[in-house]
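Taken from Swiss-Prot, the feature FAD binding site applies to Gly14, Gly17, Glu47, supported by similarity to another entry. Among the features that Swiss-Prot reports, chloride binding site is placed at Ser331, Gly332, with the record citing similarity to another entry.
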Amino acid sequence: MAIPQSCTVLVAGGGPGGSYTAAALAREGVDVVLLEADCHPRYHIGESLLPSMRYLLRFIDLEDTFEQHGFQKKLGAFFKLNAKSAGYTDFIRANGPNGYSWNVVRSESDEILFRHATKSGAKTFENVSLKSVNFEPYENDKFTSQDKLTNPGRPVSAEWKTKDGCSGTISFDYLVDATGRVGILSTKYLKNRKFNESFRNIAMWGYFKGNIPPSPGTDRENQPISEGMRDGSGWVWMLPLHNGTVSIGAVVRKDIFQAKKKALPEGTTEAQTLASLVALCPTISSYLEPAELASGIRQAADYSYSANAYAGPNFRIVGDAGCFIDPFFSSGHHLALSSALAAATSINACIRGDCNEFDASRWFAKKVDEGYTLFLVVVMAALKQIRMQEQPILSDLDEEGFDRAFTILRPVIQGAADKETAPKAKGESITETIDLCLTALNDLHDTELQRKLTSIVEAKGTPEQEQLLGKLSPDETAALHRMRAMHSILPMGELEDFENSNIDGFKARLEKGSLGLRRERALCRDHAGDLQM
């Protein structure tokens, strides 16, 4: 099949985010073209999934396919931050006997998603790269960074090129950038990618066979573990896969990694370098004593980044194309697929006439930004504990481990609220998570800041409130915005949680055949985190 000259929605990138977006829209009868630069199956890292994947896959009728494929069941996960005992997040206890997720071989799981987009009705093409995008002026001054939007014009066509040298142009009504870290819109046109200096890391990994399974002889046997290095320089993952191997990888700050490599004897191999990093994690090292390396060693930059805009007139940016977080809590797939569902929802809302383009793109951009912000603050708190090994960041001095902390963090790091949690308690649960992390990051330890925020809350709805807001420093204003973003989120669990999220008076309508947005009364809450500024 030849690449058509036009379509309603062009999706660039056939990874999880792009394939999911294409499948969700095609199931609504939308004319979708999906271009993938490589050919499936192709290798990719990022093999651990959260329980929220089940609900996302179920919406496009793909849950059973993943279930039947034979991927390694992920019943929970261990997190060992320092010398104290590991914390464990139990998916089964929280979500029931079928509440587990999977560790996946990405070449297999990504291909399943891509082929499903084809079966759903999308026109899919492999070995085709998006080379450039053409824009037309779009006269609307509402698209501002305050709403995580921008207006470079409306994209109307793009040039593509195949690996064998063929090229052409395709026109479209909407564009979805799912090009991963390439992020063609953010890096080439918007130029708005911003790296988090705290997370300029290097990742090094390989695959082993013959290891001792984690927590042998228990109901938690062979579940993944992430362990902080004893010198605080990074962390190591151990992730069992269904093909009989275990994925072992180290994530280290770039400057420290370079110093460690320089200090190693001349002639040190990549495998020996990885072994020297794993040796800083006693628990994982003990499980690997009888294991043998079964692959080459891979290395990549593991820089966390975000942007000041994730959407604009008739375009959406999903997954890693827009933002990326250190993978300590396996957030990648969750953020990719939840943003993909949000992209499909907002685009189809415009096609159906549920709302205008500005409202749809603003809803999408805020949805993406809020999910990213919540995971970011949780990861930052955990990594701060790793880097400050003996300081009581996520536990009290007299606590033996981190079970209390990980019970509080569970709604975020499982990507879902517990099934047994009542709707009202979900908000309390996420607030407790945020409070723990903000305390760990010292964001609210400043009593002067607390006093100012309290004054703003008490003055809500009065002229004095505007005066108080005007007296905040840039850092204090940023803290207030962070609170506003985080306190407005419920964790993404079952699809009704996604639907019930009210953003600027719009909620998602997740019904096959009528996917889109429905207008609701805008929320008005009573704490400083939700003040409209």
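Easy rule for this one: first residue shown is 1, then count along the chain.
Using the three backbone atoms N, Cα and C, a Cβ is placed for every residue, glycine included.
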Original post:
According to DSSP, does Gly17 (FAD binding site) fall in a helix, a strand, or coil?
Top reply: helix
**OP:** Let me know the largest Cα to Cα distance in Å among the FAD-binding residues Gly14, Gly17, Glu47, as an integer.
**Re:** 17
Original post:
Between Ser331 (chloride binding site) and Gly14 (FAD binding site), what C-alpha distance do you get in Å?
Top reply: 19
Original post:
If H, G and I count as helix, E and B as strand, and all else as coil, what does DSSP give for Ser331 (chloride binding site)?
Top reply: coil
Original post:
About how far apart, in whole Å, are the alpha carbons (Cα) of Glu47 (FAD binding site) and Gly332 (chloride binding site)?
Top reply: 9
Original post:
What is the total of other Cβ atoms whose distance to the Cβ of Gly14 (FAD binding site) is within 10 Å?
Top reply: 32
Original post:
For the binding-site residues listed here, Gly17, Gly332, which shows the highest count of neighbouring CB atoms within 10 A?
Top reply: Gly17
Subject >> Separation of alpha carbons, Gly17 (FAD binding site) and Gly332 (chloride binding site) (Å) >> reply: 10
